[in-house]
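Peer 1: Dropping the structure in here first, questions after.
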Amino acid sequence: MAKKTRAVRRGSKRMREETEADEIRVREPLVFNSAGRISNAELLRAIVEEFNKAQAEQDAKYNVAIRETHDAHINQIRDITKKINEKHHEDTEKINKKHQDEIKKITEKHQNEHQKFTKQVQELQKQLEESKIKEIREAMQRMEEQLTQMSIAGSGSPTTATTNPASPQPRQTWSQVASQKGPSPQHSARTELLSDSEASHNAQPLANEGKIIEIDISRARGDKDDLNRVKDKWIKALEENPNTEDVEVEFLREIYTNKVELCLATVEQAQRTRDNPRWIEKAMPGARIRGEAWFPIKVDGISKSVVLDLSGGPKKLKPEVVTNFAADNSKDNIDCTAMKAVWISRPSDKVNGSMIVWLKKREAAAYLLRKMTVIFGPTAGFAAPYQAKENNDPCFNCNSYGHYQFKCTKPAKCGHCSGDHQSRDCMNKNNPKCPACNGPHSIMDRRCIANPRHKETRQQVSNTRTEATQSPARC
């Protein structure tokens, strides 16, 4: 028994030694033990290699799956993008076609309107030419009558003039010709003259002259398209004002776009209505009464020493030029009251000059133009129609030339960038574009080739320089 116990002890000791040896070998490279078996470390290494190999194969399969999924997504995105582009292209083509059709319709409409306006202009030109021809024929007829009278007076008797029409006539001086009655003066842009019969010394005023007030409603707020409502509101406002409660409105008449004439019963009522504008502010806020219409004439050959106050400047008129005008010129029951006078001649060494006189009544302007002589105290001048300057300013709404803003029917156009807005609202002033000539500047720039005023200015400067270099100096 003791021997067996010692043998068991020796075997246990040997097993412990072998176990310790195996533990030592785990930390060492592949080493076979005495029994020829693979150690635990080598086994662990083999397991790790197998695991790594399986992991690599799994990663390869995973990468292939990811690549295939990525390619499928890319192909799907390409297909969707292609479909979207095709749809967008189709929609764009439809929109472009629709716009082209609209542009074609608008172009055809504009062409039709242009043809219509051209036809109207041609008809107006034809009517104007016919009226000019008629006036020329009437003037020639009057001149023939005057020549006949002159021939009769030169021959001594009607019988002699009839039997001998080729007899010589006496030569007349310029003063004699000017004193005779000639053809009626032409109508000017600012003075609307009467006909020959009305402009004679027995001329009578027009039926509604002095009774009409012109009212600008371009900036008025509220309903201004229905004249019936406008008239009712104005009558109510006039009745509520103590200074105009008894005035009587006869009619309203629309003369231009946003311009309305109000005709009262009498001249005195019209003057009271004009002097008390609070009624229009209450009836239609933003509307305003335009000033009384005056009728200008030009007077040439006036002595400077009689009308000018040289102490106040080269163009300062004496006060009595206007205050005494009616007393000097009102004859034949014609009231020649002057409202304003302006000296227009440039300062020079000449003793005579010209001025513009605004008369209160139309018949007075026609009378003085017919008479051809305007008296200023001890001297006199020669009356002539006042030719107003042409409008060379652009319309401040559409910034094109040929009309004023209150007559404009076009949409707003910027004078800085040609945008669809008012010039005062422009936010793109750094990129100017002229709406008249499409040049890189604003409408008021001196480089604009479409502005008539700039053309005239350059032409005047060129003519002045040419005359200065070619004409000899006057003594």
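Cβ coordinates are placed from backbone N, Cα and C, and glycine is handled just like the others.
Keep in mind it's a predicted model, so treat the numbers as computed, not measured.
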Peer 1: What range among 92-115, 452-475 does TrEMBL record as region 'Disordered'?
Peer 2: 452-475
Peer 1: Which range is it, out of 1-21, 421-441, that shows up in TrEMBL as region 'Disordered'?
Peer 2: 1-21
Peer 1: Counting each residue once, how many in the domain 'CCHC-type' (395-410) are helix, strand and coil under DSSP?
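Peer 2: So the domain 'CCHC-type' (395-410) is made up of 3 helix, 0 strand, 13 coil.
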Peer 1: What average pLDDT does the predicted model assign to the domain 'CCHC-type' (395-410)?
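Peer 2: Summarising the domain 'CCHC-type' (395-410) by its mean pLDDT gives 82.
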